[in-house]
Amino acid sequence: MEAVQLDKNQEPNYKGYSGSLIHPAFQQQTTKREKPSTPLPSLDLLLKYPPNEQRITPDEIMETSQRIEQQLRNFNVKASVKDVLVGPVVTRYELELQPGVKASKVTSIDTDLARALMFRSIRVAEVIPGKPYIGIETPNLHRQMVPLRDVLDSNEFRDSKATLPIALGKDISGKPVIVDLAKMPHLLVAGSTGSGKSVGVNTMILSLLYRVQPEDVKFIMIDPKVVELSVYNDIPHLLTPVVTDMKKAANALRWCVDEMERRYQLLSALRVRNIEGFNEKIDEYEAMGMPVPNPIWRLGDTMDAMPPALKKLSYIVVIVDEFADLMMVAGKQIEELIARLAQKARAIGIHLILATQRPSVDVITGLIKANIPSRIAFTVASKIDSRTILDQGGAEALLGRGDMLYSGQGSSDLIRVHGAYMSDDEVINIADDWRARGKPDYIDGILESADDEESSEKGISSGGELDPLFDEVMDFVINTGTTSVSSIQRKFSVGFNRAARIMDQMEEQGIVSPMQNGKREILSHRPEY
């Protein structure tokens, strides 16, 4: 097709899409799907990638082993290669050091050793769990891709007993690495631009979407970049639309803290210690036909005349794609909210995944690090950044494109993992599949600020002004005959307090009657004023 050259003085012709006011480039591309019959997405939504047949040969392994031993001797380090593990991205040569030789001596010459061996970079593993050796990890000439489908289709993922299983990728030996977010219980992720951090976060999300139902796990996603997580909008797991406004993101974290305190009150009332015990007790009494009334309900909290029955609590996973932007807007406030959640939220099922491309001490503060013991480092710019996230070096020598170091809770050992890969189309396919299964049940008020609500109340009480939504709500009530506060909340996406205030204003205007036996009547039509 030949490109059409426009005269600089000629106005563009927009008649080609005259049937719509919106250019096709700006229209949301929605794929209509029938509701799937399976309880969870099919692996067929993920692509099969052909394996790379170019692998390292035994002769190459032997040659590199001899070169490593020779170059170490040149640096007055006596060692011999005892074992070799060939992975998808790197090969680890396990060496036995002569008695009296410190592993730190090899680490101190890693840059010189990489230059002598003519590798882009190498990483020295001073400790290999269960072995008396050190490891020298060298990049493979022909890198293997790790498709997400291969990891999710593995026995390790299928048979995992994890509550919140996350597939990270494959380790040095090519074995899938599956971790449990519920046991972490929070995760800090850092990596420079192009390191594969965003793909890694998507891998974690898709792992959960392949294992959990919306009634069991809910997401709050915070996306300062606007484009990274917006693909998940309207999936049924969301508690609120993907948050892109950083001020509203602070409100979402504040809501999480309030929800944490509310859940602890419920656990205390039922005399259980964690979310698992709470849900078991709810199931137990429901099986006996004795639903448990909400012990912290107060008259006026809802329009009900009696306390509603308790339901099982769902896990909540809070994902922040660029934590540094959030800290720039409200650093001290955000730090305190994150610290409170990290300290206490584990037992009641709220878990954090915080990702940043700037692992500096003003972003990952000491207070945050102390309360988030599980970390993942993709490629970073310097040893200082590596120490900031992992408390040790190594991440600066990674190879990018999903190459990562994982440090689990309570362990100083680092696991090198090659992250799973999926395309943007695969992410869209899975999100569309979940959207076809149902709509999200958003909770009003998550993004609202308590200060805004208080100022709104003061403005109405002092000046007597009607709520800006008053006319619309009044028309809705008169036309539908519905006088419940909950219906106003759902229709206009407002919190309970605001909806109740509008209902009170309609009562003052004589449009609806006072509450009688939990109901109101419509008394008149639109007033003249």
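Just so it is clear, glycine is given a Cβ too, placed from its N, Cα and C backbone atoms.
As annotated by Swiss-Prot, ATP binding site applies to Gly194, Ser195, Gly196, Lys197, Ser198, Val199. Summarising the annotation, Swiss-Prot assigns compositional bias 'Basic and acidic residues' to 518-529. The domain 'FtsK' annotation in Swiss-Prot covers 174-387. According to Swiss-Prot, the feature region 'Disordered' maps to 1-20, 509-529.
Summary: among the binding-site residues (Gly194, Gly196), the fewest other C-beta atoms within 10 A of the C-beta are counted at Gly194. Compared over the binding-site residues Ser195, Ser198, the count of CB atoms lying within 10 A of a residue's CB peaks at Ser195. Counting every protein chain shown, 26 other Cβ atoms lie within 10 Å of the Cβ of Lys197 (ATP binding site). Other than the site residues Gly194, Ser195, Gly196, Lys197, Ser198, Val199, same-chain residues with C-beta atoms no more than 8 angstroms from the centre of those residues' C-beta atoms, the ATP site, are Gly191, Thr193, Gly200, Phe378, Gly400, Arg401, Gly402. Residues within less than 8 Å, Cβ to Cβ, of Val199 (ATP binding site) and separated from it by at least 6 positions along the same chain comprise Gly402, Gly419, Tyr421, Met422. Gly196 (ATP binding site) falls outside any helix or strand according to DSSP and counts as coil.
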